[in-house]
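Listed in TrEMBL:
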- 419-429: compositional bias 'Pro residues' (COMPBIAS)
- 21-108: domain 'Ig-like' (DOMAIN)
- 118-190: domain 'Ig-like' (DOMAIN)
- 319-413: domain 'Ig-like' (DOMAIN)
- 257-276: region 'Disordered' (REGION)
- 410-435: region 'Disordered' (REGION)
- 1-21: signal peptide (SIGNAL)
Amino acid sequence: MTPSLTALLCLASDVLPGTLPKPTIWAEPGSVIPWGSPVTIWCQGTLGVREFYLNKEGSSAPWYRQPSLEPGDKGKFSISYMTQSYAGRYNCYYHSPTGRLQSSGPLELVMTGAHRKPTLSALPSPVVTSGGNVTLQCGSWEGLDRFILTKEGEPKSSWTLDAQRDPLGRTQALLPVGHVTPSHRWMFRCHGFYRNTPQVWSAPSDPLELLVSGVSAKPSLLTPQGPVVASGQSLTLQCRSDVGYDRFALSQEGRQALPQRPGQQPQAGLSQADFPLGPVTNTLAGRYRCYGGHNLSSEWSAPSDPLDILVAGRFPDTPSLSVQPGPVVASGENVTLLCQSRNTRETFLLSKEGAARPPPRLRSKYQGGHFQAEFSMSPVTSAHNGTYRCYSSLSSHPYLLSHASAPLELTVSGEGPQPSAPPHSPPNTPFLASHPQDYTVENLIQMGMAGSVLLGPGILLFQAQHGHGGAQDAARS
């Protein structure tokens, strides 16, 4: 049977007298069929109809075919291998005893997989506060000029969108979605197609599920490896809470994936989930948050505090690290760690071995043929004992670092006098830095900030004293 012809679907025994109802038409397993898959088109009227016909829009004269073992009120048209030739608009019909044509409504039979799958993303993020808004973006590099966006669930919804071309030649379409609530699941996919072949679609995009966050207690996000990891190292993040969450989700800033893991109960009163991310690559560098949820609700908790994962060894630079007045000092002294590089570097980071809190980051200064940054610790205590390393980075890739400097061991001995508070120091004001490049003394001074600086789950303390001598900065590890 050729797809360019219409088909006779079914012969039944007798024709009932009088006016017969219009037939109905449908496709199984559905009207959107992947390339190469089977599909059956059904036409149903009433018992006694002698002949059913199937017509494809744009095809030639009907072709009659004897059905096999079908009930008298149904016609069956089987396609064993879906191709682009079968995609189109169908209707079925039969003639009443008086000769009147009884025709069904149209059936759109769509083939998918003719073009590569488009991308589907949520702007600014797939994590949405309950009641909030988000914009869905479907895009393609194949010049597809229309997109259809579908939302799973009851009832299933779809939107057909005209595409616009961006300056890079990519076509895309935007759909604002408002008042996102956890009342049901928000799962989307999109296809693309050309206007002149509206029943020939691309492969479906990867599914996109919106995560709706609420106000229940935020979990904690940590990693045993610490915030600075080496390229190729195996990385696992752990989301933990004293609330009995049944499941956890992990988000990475700027990425659409939201992996989920079931909650475990390692001990009474605690729930947690491990997220093994595999060997560390550039794509794993970034800022993470996690969420907790219950199986009987589609609402998630408030986000955890952010955790920055910094990947070392992504630049060939290896800075040097030195200390003044020396690696062994008395408690209460002022100590400066100097990080230097001959290469052009915009920022430097100082990492302490075993510390879970984010390493402080300073903008570099060019002096004496080097780019350098001075990390001041004033006064030092026994808490500053440890091994330090420094790294360089670029503002364009704040989560990617150079190789580590050689380790420097700082030893603080004895207990010296504790200095008094600087006169006229402003009250402590917490400041939440939104980007790693904001963790600089210069930024804080320009903003008139002093006192406590909250960096993710830890505290980095900067003290600024304004006067003729400029600013004195202190970082407590």
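Quick reminder: no glycine exception, Cβ is built from N, Cα and C everywhere.
Note: the region 'Disordered' (257-276) comprises 0 helix, 10 strand, 10 coil (DSSP; helix = H, G, I, strand = E, B). For the domain 'Ig-like' (319-413), the DSSP counts in helix, strand and coil order read 3 helix, 56 strand, 36 coil. In the predicted model, residues of the domain 'Ig-like' (118-190) average a pLDDT of 93.
Under DSSP, the residues of the domain 'Ig-like' (118-190) split into helix, strand and coil as follows: 0 helix, 45 strand, 28 coil.
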